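Q: I have a structure I would like to understand better, so I am pasting it below and will then ask my questions one at a time.
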Amino acid sequence: MIPLEKPGSGGSPSAAASGSGPGGLLTEIRTAIRTEPFQDCYSLSPGRELGRGKFAVVRKCIQKDSGKEFAAKFMRKRRKGQDCRMEIIHEIAVLELAQDNPWVINLHEVYETSSEMILVLEYAAGGEISDQCVADRDEAFNEKDVQRLMRQILEGVHFLHTHDVVHLDLKPQNILLTSESPLGDIKIVDFGLSRIVKNSEELREIMGTPEYVAPEILSYDPISMATDMWSIGVLTYVMLTGISPFLGDNKQETFLNISQMNLSYSEEEFDTVSESAVDFIKKLLVKKPEDRATAEECLKHPWLTQSSIQDPVLRVKEALEEANALQKGDSVPEISSATEKPGTEESIVTEELIVVTSYTLGQCRQSEKEKMEQKAISKRFKFEEPLLQEIPGEFIY
């Protein structure tokens, strides 16, 4: 095995990404780390950053020779007085491992200076899916969109899981789109919190983004592939409704909602969502990790295998026709128990969805019935920093 390169050592290739070190980190890479100035080969595009976190910033760049667009992720090697180069090496190794998977962002090359490492990544022009999650209803994802994108997310996650990689920070900000209009394909990004988890080993860490962490994280139980599946359940809920299911007014309340499974599948939140989609979410938002559906099982769920979904507009039209029939005293066909909507939790009525982050992304989707209940509890869609602050998380890629 060739030892990892340090700055100034020539930039020859390092070893294959097969070695696993302490704490579930990969320790070996095969990418040649380049030490010449990044600006010799790339020019940074003017305009706003693609993303920023405590220890990293992502900028759009242009390769001078080819004119191709990339995303450059500048990552500080020292964080809070600690050398975190090996965490960056791990992220590179995971990207190498997934280089042939179409649903994981592609790593182009790596540069290193005395203070930072620069990952040159595939540029996803469509941005984060969080933009659609918080959009007004006419601009948000429809269920068919979510079906297609969730199938891609699951195929990517299934690939990672078969290679013992658990992402541990799956959320709308870490799922990018190749294009916004027409709606493109997904790219899973940001493996800063990812870990290697093997069946014979136990890994316990407090990490993740509050709204998306699984109950076992909060109880300090072992992390597993099922930890990602919980996050996918939350992600699906958000993509379909624009509502963050467990969000409280603070982190403590959010964690309490997660640990006590305080969430709603009411008619108000899922008024345009199929019963099959709700069942899909319920297979994932299960407290015991061993009872959650795996990525492979999810890909076989009827919601993702059926050929079509009833048009949400048609479903709303039918509901209005039924309501009109009731007002006129006409009979309405009885709905079988197999197609009934989940019961409403009257204690929680969602009033609004507000984005809280370092900048405002604009008004989010609002419930159609928000004015009917003065004591409604707001659910806010926050872009939180991951719990493990030593590793970057609140940025694109």
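The count begins at 1 with the first shown residue.
Glycine too: its Cβ is placed from the backbone N, Cα and C atoms.
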Q: Which of these, Lys73, Lys77, Lys80, does Swiss-Prot list as part of the ATP site with Leu50, Gly51, Arg52, Gly53, Lys54, Phe55, Ala56, Val57, Val58?
A: Lys73
Q: With Swiss-Prot as the source, identify the stretch among 1-23, 323-345 annotated region 'Disordered'.
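A: That would be 1-23, per the region 'Disordered' entry in Swiss-Prot.
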Q: What residue among the binding-site residues Ala56, Val58 has the most other CB atoms lying within 10 A of its CB?
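A: Buried the deepest by this measure is Ala56.
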